[in-house]
Amino acid sequence: MAEEPVVIGDPAPRTRKWPIVVGVVVVVLIAAGAGFWVWHEQPSFCAAICHTPMDEYLETYEQEAGTAGVDKWGNEVANTNAMLAVSHKAQGKDCMACHVPTLSEQMSEGMNWVTGNYVYPLEERDTEMLTEARGVDADEFCLNESCHNLTRDDLIKATSDMEFNPHQPQHGEIECSECHKAHRASVMYCTQCHSEAEVPEGWLTVAEANKLSTAA
């Protein structure tokens with residue numbers, strides 16, 4: 001059969017390009033979202049978005065382990081290992097390992113930041129406050145398979161050679177965060193009554209910690 005003649009000036013057949021455009025936009029959005037999510041889990045994200053209240057916390061996290069440093073208030077710390085932010089970083093943990101976000105918590109904190117409804121430096125949070133939004137027991141915050149795979153009894157045995165065993169609940173069970181601090185030097189709780197209790201390197205007695213907290 002003879003081919004139909006092409007008339008000069010006729011428009012070329014139109015192709016539908018919108019599926020390609022939509023596909024490209026979707027790919028770009030997915031890539032951008034994935035990149036943002038990765039950045040969201042980095043310590044630098046905290047200070048970049050919430051610059052004012054978070055700078056000091058990022059600075060404590062970024063310090064080298066086992067050296068002299070400073071806490072979130074700028075006070076000298078004899079050994080940065082006394083701050084959980086530093087010792088956890090040395091074990092490959094980042095901010096999100098402890099500060100596990102929930103949508104309701106993030107929305108609330110975001111509104112407080114936008115409106116300026118927060119104290120500065122930020123109010124210290126204990127393990128109960130850190131787990132409240134997730135409905136997790138305070139003990140489970142630290143004692144779990146991905147962090148410290150131990151029980152309370154294991155902890156008692158681990159420090160049984162100390163004259164005043166900080167994990168022995170003879171005066172009632174206390175939260176881990178009563179002694180172990182993230183962005184300031186940890187505190188030997190036993191010194192509240194026993195001034196002769198052994199204080200780990202870089203840690204503070206209760207009296208020393210109270211003095212710094214009051215000054216801040």
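Glycine residues also receive a Cβ, built from the backbone N, Cα and C atoms like all the rest.
The annotation heme 1 binding site is assigned in Swiss-Prot to Cys46, Cys50, His51 on the grounds of a curator's inference.
The heme 2 binding site annotation in Swiss-Prot covers Cys95, Cys98, His99 and rests on a curator's inference. All protein chains shown were included, and the count of other CB atoms within 10 Å of the CB of Cys98 (heme 2 binding site) stands at 17.
Residues or ranges marked as heme 3 binding site by Swiss-Prot on the basis of a curator's inference: Cys142, Cys147, His148. Counted within 10 Å of its Cβ, the other Cβ atoms near His148 (heme 3 binding site) come to 13, all protein chains included. Classification of His148 (heme 3 binding site) by DSSP places it in coil, neither helical nor stranded.
In the three-state DSSP scheme, Cys179 (heme 4 binding site) falls into the coil class. Annotation comment: Swiss-Prot describes Cys176, Cys179, His180 as heme 4 binding site, evidence class a curator's inference.
The heme 5 binding site annotation in Swiss-Prot covers Cys190, Cys193, His194 and rests on a curator's inference. The Cβ of Cys190 (heme 5 binding site) lies under 8 Å from the Cβ of Phe164, Pro166, Ala197, each of which sits 6+ residues away along the same chain.
Marked as transmembrane segment by Swiss-Prot on the basis of sequence analysis: 18-38.
Within 8 A of the CB centroid of the heme 2 site residues Cys95, Cys98, His99, the other residues of that chain are Asp94, Met96, Ala97, Val100.
Reduced to three states, the DSSP call for Cys190 (heme 5 binding site) is helix. A straight line from the CA of Cys95 (heme 2 binding site) to the CA of His180 (heme 4 binding site) spans 16 Å.
Take the mean position of the Cβ atoms of Cys142, Cys147, His148, the recorded heme 3 site; other residues of that chain with a Cβ within 8 Å of it are Phe141, Leu143, Asn144, Asn149, Leu150, Cys176. What surrounds the heme 4 site, by Cβ distance within 8 Å of the Cβ centroid and not counting Cys176, Cys179, His180, is the set Cys142, Glu175, Ser177, Glu178, Lys181, Ser186 from the same chain.
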